[in-house]
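*Asks:* This structure is in structure tokens; I'll ask about it shortly.
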Amino acid sequence: MPGPAASGADGGLAGQQLYADPKGAAAEQVRAWESAGRTADAARIRKIADQPVATWFADESAGYADRVRQLVTAATTAGRLPVLTLYHIPNRDCSGQSAGGAADATAYRTWVRAIAAALRGHRAVIVLEPDAIAQAVEGCLDDRAAKERYALLAEAIGALRENPGVLVYLDAGNPTWITDPSRMLAALRSSGIARASGFALNVANFETTADNVAYGTRLSGLLGGAHFVVDTSRNGNGPARKGAGNKHWCNPPGRALGDPPTTRTGVPLADAYLWVKRPGESDGACGNGAPPAGQWWPEYALGLIR
């Protein structure tokens, strides 16, 4: 049986304080509404702004490596641990709401190596490529493209983990996607899980913390004891009831903030509860005036708090 992922040996997250970026969209909204006299709404949004949420890097726009360096430098100065989400795998989201990604494998390797270089000398938590493995297991790629994806993920883990202070959690979907965790094993192993710090669950989703811990514990057992992190950003009311189309996962109404980010979960295998999805950012332009995926949507943010 393969050995566990590296997190158990690292012990790198236990008790660590996470970094809250004062430049996030929620913080900017607080300042704007306070200036406009919307103090009650500003106070509600502060419940998001004051929490440490992940910073997403999802393109090759000018200065992306410098932005990584600035973020981790600020976190180091504050004595806190930043959380970064890397989301740029080729054929990202398989033509879904968040479609995009690097043009090809060469471009992706260059992007990852630049980020790894920017992290040098700093500590950070990386959530690597939400949905990438589960979508491939589900069958959205042909065999050649799936094998390339797994190889790229393994290379990315290797490059990032060359930095001793960097913890990498490889995304592994959520409990209601690939419901039998054994179906994920071959893909996770091909993608380098043995060298990762563990795996990530529920990114940008709404499944309950309890269901994620149960699923993660099952998957961990199959992987020889790998640790995991859970995105609790919007799972306070659990998932919406599945219905027609994408309404149960794309900006569903009636959802709520979940457990605050913490590295003290009380669950031995769960290294942290994180806010990987930034609460208040859209899942996609899927009705009700929603903006494109990743754009700040203050009305939805208020709904998560009320």
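Numbering starts at 1 and runs along the chain as it is shown here.
Backbone N, Cα and C atoms are what each Cβ position is placed from, and that goes for glycine too.
All TrEMBL annotations are machine predictions without curation.
Computed from a predicted structure; not experimentally measured.
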*Asks:* TRP177, ASN205, TRP249, LYS277, GLU281 show up in TrEMBL as binding substrate; which entry in TRP33, TRP56 does that record put in the same site?
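*Replies:* My reading of TrEMBL gives TRP56 as the candidate in that site.
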*Asks:* Just to be sure I understand: of TRP56, TRP177, TRP249, which binding-site residues have a C-alpha no more than 10 angstroms from the C-alpha of ASP283 (active site, proton acceptor)?
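*Replies:* Close binding-site residues: TRP249.
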*Asks:* Does anything in the same chain, at least 6 positions from ASN205 (substrate binding site), have a Cβ under 8 Å from its Cβ, and if so what?
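*Replies:* Listed in sequence order: ASN174, ASP231, ARG234, ASN235, PRO239, TRP249, LYS277.
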*Asks:* Just to be sure I understand the packing, how many Cβ atoms besides its own are within 10 Å of the Cβ of TRP249 (substrate binding site)?
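*Replies:* Taking every protein chain into account, the count is 20.
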